[in-house]
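Report on the structure given below.
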Amino acid sequence: MKQKLSQIPGPIGVFDSGYGGLTILSKIRETLPQYDYIYLGDNARTPYGTRSFEIVYEFTLQAVNKLFEMGCHLVILACNTASAKALRTIQMNDLPHLDPQRRVLGVIRPTVECIGSITHSRHVGVLATAGTIKSESYPMEIHKLFPDIYVSGEACPMWVPLVENNEAQSSGADYFIQKYIDTLLSKDQQIDTVILGCTHYPLLLPKIKHFMPDGIKIVSQGEYVAGSLKDYLHRHPEIAAKCTQNGKCTFCTTEAEEKFIESASAFLNEDITVKRVVLE
Ligand code: DGL
């Protein structure tokens, strides 16, 4: 039976398939420290990048419902795979039934909006999970705003496991970092801007910078998502009024609490308390 959702203001929900969304959350908190946040990581079922449309949609909808039940009126899908495969359907088909006053936003549109002023050659590359690349969400969103930009994509299936297994700094990671960059750039010699279209990839930034040829700009999405959210709340005071402001952040995971705390330390510079939740 559907639960009645509270109309009392609540925190902003930030959802990711695992830890990667913490890179987005930290930029959002830097930009908007006054708000309260609930971070929800579906760590027990990560990765999403290799899963089908149906499953990513089902899991993401469960997470959105959970965050709504926890009092969020605004939820950010801080996961490119979820943004690519579930956001549109949730916005169009589910929100009208769940609560038309609540909002769910993704990370692809805010990332794409900045591209037009960054690329000079009008040739852009996207590095992301297999699911995000296959969805064609980046080329579709880029072409809506900038029809003249030529987009090439390359899936990097080994990058998320490198981060999740604490191998981001290891010399063994070099082979896979270089491999996907070289493959992407060999598709189009004129690429001057590369989007890191996965929330885990900023953790690989030192090595990505090392293997990216000079002169190619790397777009890491956290700051753009944070800036876009600030702008959104400014343009939508009715939604901002439903977001509480005590500067607090709560962390939830579908995995064991201890495991989340241990692994999240690579992403955060603070001691956190974590609550386990069940998504269904
Ligand atoms: N956080 C996901 C993304 O941004 C990557 C991790 C996963 O495959 O679940 O696409």
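Just so it is clear, glycine is given a Cβ too, placed from its N, Cα and C backbone atoms.
Annotation source TrEMBL lists active site, proton donor/acceptor at CYS79, CYS198. Positions annotated as substrate binding site by TrEMBL: ASP16, SER17, TYR48, GLY49, ASN80, THR81, THR199, HIS200.
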Given the binding-site residues SER17, ASN80, THR81, THR199, which one is most crowded in terms of C-beta atoms within 10 angstroms? ASN80
Which chain neighbours of the substrate site, leaving out ASP16, SER17, TYR48, GLY49, ASN80, THR81, THR199, HIS200, have a Cβ atom within 8 Å of the mean position of the site's Cβ atoms? GLY18, GLY20, GLY21, THR46, PRO47, CYS79, ALA82, THR129, THR132, VAL160, CYS198
Hey, what's the Cβ neighbour count for ASP16 (substrate binding site) at 10 Å? 29
Of CYS79, CYS198, which of the active-site residues has the most Cβ neighbours inside 10 Å? CYS79
Rounded Cα-Cα span from CYS198 (active site, proton donor/acceptor) to THR81 (substrate binding site), Å: 8
Under DSSP, is SER17 (substrate binding site) helix, strand or coil? coil
What is the number of other Cβ atoms found within 10 Å of the Cβ of GLY49 (substrate binding site)? 28
So how many other Cβ atoms are close to HIS200 (substrate binding site), meaning within 10 Å of its Cβ? 30
